[in-house]
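S.K.: Structure incoming, see below.
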Amino acid sequence: MTDVISTHAVAERRHSKAINRIIGRYWLVATLLVMIAVFAFLRPQLLDSSNIATILRSSALMAIMILGLTWVIAAGKIDVSFMQIAALGNMTTAWLLASGSGWTLAAICGVAVGAVAGLLNGTLIAILGIPALIVTIASGGICASIAAALGKGTSIRIADAGLLGDLLFTNWGPVPVIAVIAALFYLISWYAQEKLTFGHYIFAMAQNEKAVNEAGIAARSLLLFLFVLSGICSAIAGVLLAASLSSGQPMIGSSYFIDGLTAVLLGGLMLRIGKPNVLGTTTAILLLSVLVSGSAMFGWADYQRQIIKGVLLLVGVAVAMQFGHRSSSPMQGA
Amino acid sequence: MPRHGILPAGTARLLAFAALVFILGAAFTAVEPRFLSTQNISAVTRHMAANGLAALGLTLVVIVRKFDLSFAGTACFSAMTIGYMIAGGHDLWLCIMVGVLAAAVVGAFNGMAISYFGLPDIVTTIATGSIAGGLAFLYSQGRTIFQNFVTSGILDLNDARLFGYSVSFFFLIALYAVAWVFMHRTRYGASFYATGENPVSAYFSGVPVRTYTMMAFVICAVTSVFAVVLILAESGTADTNKGATLLMPAYAGVFLGAALLGGTSVLATLAGTLLITMLLDGFSLLGVPYYYSDGVVSAILLTGVVLFDARVRQLFSDLASFIQPVTSASEKRS
């Protein structure tokens, strides 16, 4: 008799645990769907194919920018320079175009500059062990200054958006090509994160960097690689933005900063709770883009959106800490 | 490593710092004789007051081994609060009190979230900084507030002189003196250090660790308001981005000072701030465009932190002993 009761209780507990886990893993997707449904009900033009294309295009740029950041934060570090690196890549490209070189060279240089900035971050953080926040605040400041100096404090106009511009504004139905490319990137990185030892090492780094090193994994090289990757990703997004905006902007979207961090941390609340991961980041980016597009239709001002995003980030972190293990919390003290 | 005492880490470092200041001053004077003019020195002391006040609060946060990225946003919010109150015709001191109170609320929120609820410091303060920055727009929808500024008397804070120097500089010195006594001569200061060094042992030694962490964040928010009041007094208008420029010099002051004098302390921050302000002012006197200033500060911060990093100096001494190991060994023997 007691046996039956206890097994029943255990089964029930397991059942409720499973439900909890499913809610924990997929609530972000549910929120996204509910948000789309609500906005679409109130403002049907949200689901116009042109609007969907706009949402997907901005999401794709955002996604490319913070792909590397996702893993940096997943490894327990922080990179606050990604936005300025994107600005530097953006201005480098625009400056080279303005001084007469071709798109290929300009784009390659733009990305290379990002790689150099990432290498600087990575060397100082991974090899010398200087706190990631200090290094990336400073390198971000340097990148922003160089970006502004390239345009003497103002933006640079680009006459011809070139092949990249065509690519950015080509749609397959409602889906822009660039979104497909970004999705491919994320598919590959999802594979690397989930199926290769590479991904396991990243999450192990956040738990205990010393232990990872003792286990014979080249933790420093891995961290260095992650920062270089983050720099390259940001710079690619910067180059794409140059084509998209037909200009180089030294102060390129400071909104990307809070958006990027919000997306990565909200994404960390999905699938692998408390750990940033690429699929979670994708969902969170879509969530933010729909929020921006929907709120624009309601005529909300920029600062109201900024407040909403800040609250989202705060709630996201609080929930992540509640569900996740405190020892493996992302970014504690950097 | 002992971190308490009158001189954070020996007289040698202090002498080196004095020499550095002297060389820097001499170099600027050689290039631009106006550097030593009364007018410029008065300007340096005034700018130093704003930078130094913001850095003082950050010092405490860094001493408890946390980071605060929100104080710039908080300062913007407070600046607009004060501006709104002044435009409403209230008494100046009441306005400043309300501004301080508003910032203290944000700081207390940060402190609560981080110390009592265990949220990660960097993400939490980025979120609250963003929210506070958004709230700054609420008063005037982002428009500049300038009404009543001339008649309110806030401009006198900038213009008032004592022995030929701005009163704000003496306020800075007085506040630093109080902070020095508090941090380095009372058990409360020692408790702040203990909280940062080892929260667990501090807790078992009877230090209310969470209260101290929270207090650090509140003080950081409050001193950033002091700084922004000086900025308001200098410009005579309240803008939504008035506090944004505080972030970089404050971080640079704290960490450069810590690197120079071998540990985070009140005196080290004062030293770091002096150096940063001299550099910024010197460069602006030489006519270097404004957009270089962040880059210069960042570059100096990075160089300082790298050069004075214990591991890097170890590397240098290793290198030195590698180059001439035999001579030094034989000298010792003979």
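Our numbering is plain: 1 for the first residue shown, then up by one each step along the chain.
Just so it is clear, glycine is given a Cβ too, placed from its N, Cα and C backbone atoms.
The following feature annotations were taken from TrEMBL:
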- B:12-31: transmembrane segment (TRANSMEM)
- B:43-63: transmembrane segment (TRANSMEM)
- B:94-116: transmembrane segment (TRANSMEM)
- B:122-141: transmembrane segment (TRANSMEM)
- B:162-183: transmembrane segment (TRANSMEM)
- B:212-233: transmembrane segment (TRANSMEM)
- B:254-278: transmembrane segment (TRANSMEM)
- B:290-308: transmembrane segment (TRANSMEM)
S.K.: Ranking B:12-31, B:43-63, B:94-116, B:122-141 by the number of C-beta pairs under 8 Å to the transmembrane segment (B:162-183), which range is first?
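M.R.: It is B:43-63, which has the most Cβ pairs under 8 Å.
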S.K.: Residues of the same chain, at least six outside the transmembrane segment (B:12-31), with any C-beta under 8 angstroms of its C-beta?
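M.R.: Distal contacts: 260-262, 271, 274-275, 278-279, 282, 285-286.
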S.K.: Other than its close neighbours in sequence, what residues sit by the transmembrane segment (B:122-141), given a CB gap under 8 Å and a spacing of at least six beyond its ends?
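M.R.: Result: 67-74, 76-77, 79-81, 83-84, 106, 109-110, 113-114, 240, 244.
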S.K.: Under 8 Å between C-beta atoms and at least six residues away from its ends: which parts of the chain pack against the transmembrane segment (B:212-233)?
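M.R.: Here the qualifying positions are 46, 49-51, 53-54, 56-58, 60-61, 63-64, 66, 68, 70-72, 74-76, 78-79, 82-83, 96, 99-100, 102-104, 106-108, 110-112, 114-116, 149, 154-158, 168, 171, 175, 191-192, 195, 242-243, 245-246, 250.
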S.K.: Quickly jot the same-chain residues contacting the transmembrane segment (B:254-278) by Cβ under 8 Å, restricted to those at least six beyond its ends, or write none.
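M.R.: Distal contacts: 1, 3, 7-10, 13-14, 16-17, 20-21, 24-25, 28, 44, 47-48, 51-52, 55-56, 58-59, 62-63, 176, 179-180, 183-184, 297, 300-301, 304-305, 307-309.
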